[in-house]
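**Q** Quick paste of what Swiss-Prot says about this protein:
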- ALA2: N-acetylalanine (MOD_RES)
- 3-82: domain 'GST N-terminal' (DOMAIN)
- SER13, PRO14, ASP39, LYS40, LYS53, ILE54, GLU66, SER67: glutathione binding site (BINDING)
- 88-208: domain 'GST C-terminal' (DOMAIN)
- THR149: phosphothreonine (MOD_RES)
Amino acid sequence: MADEVILLDFWPSPFGVRARIALREKGVEFEYREENLRDKSPLLLQMNPVHKKIPVLIHNGKPVCESMNVVQYIDEVWSDKNPILPSDPYQRAQARFWVDFVDTKLFEPADKIWQTKGEEQETAKKEYIEALKILETELGDKPYFGGDTFGFVDIAMTGYYSWFEASEKLANFSIEPECPTLMASAKRCLQRESVVQSLHDSEKILAFAYKIRKIYCV
């Protein structure tokens, strides 16, 4: 009997896209269900009663929540193709450390870039660039955070890469002069087939970002 794989998601989400990419890296057939986050479906509330957030992967009726937890689950269940996490325990621990850094240090300033203006937005841009510079140092001269292989940290970052262009246009700043090596890796990731299949057009993301700003009266 074939696995039933359902993904509850929201198209512009930098977190939901991680699950989409991981599934496509593994060649897993799945049913995509778009969620209205202002009117969440009974299935989402049932499958993620604690946080009530996307993405939720439902595998044979069992839910897995939180984006990078979902990615790790996908890697472990469909382990015969394109490993996402390294096999070495130390390298796995390091990958998890940097993913935690990504979501701890990037999310809040990124959110403020989209939702604020003036001095608050300027502070957010500085914090964002500072965190990206630390990530660029960790990346070094490698093509990917996983070395020669697209992996766990790259998937986490691709959610943010997908919003780089919109963030730059919204807040009138440029990431590449500050982080050229990171941007080169970002462009490499964004050209990957699993990523291209999982992302929407940057202009559509920008239009959505302007809607967010209107909601917050910015």
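Each position is counted from 1, following the chain as shown.
Placement of Cβ uses the backbone N, Cα and C atoms for every residue, glycine included.
Note that the structure is predicted; figures quoted are calculated from it, not measured.
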**Q** Counting other Cβ atoms within 10 Å, pick out the least crowded of the binding-site residues LYS40, LYS53.
**A** LYS40
**Q** Taking helix as H, G and I and strand as E and B in DSSP, count the residues of the domain 'GST C-terminal' (88-208) in helix, strand and coil.
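**A** So the domain 'GST C-terminal' (88-208) is made up of 90 helix, 2 strand, 29 coil.
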**Q** Would you pick out, from the binding-site residues ASP39, GLU66, the residue whose Cβ has the largest number of other Cβ atoms within 10 Å?
**A** GLU66
**Q** To the nearest whole angstrom, state the Cα distance for the pair LYS40 (glutathione binding site) and the residue listed as 'N-acetylalanine'.
**A** 28
**Q** Looking only at C-alpha atoms, tell me how far ASP39 (glutathione binding site) is from the residue listed as 'N-acetylalanine', rounded to the nearest Å.
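**A** Roughly 31 Å, rounded to the nearest whole number.
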**Q** Going by DSSP, is SER67 (glutathione binding site) sitting in a helix, a strand, or coil?
**A** helix
**Q** Could you say which of the recorded positions SER13, SER67, THR149 has its Cβ with the most other Cβ atoms inside 10 Å?
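**A** Top count of Cβ atoms within 10 Å goes to SER67.
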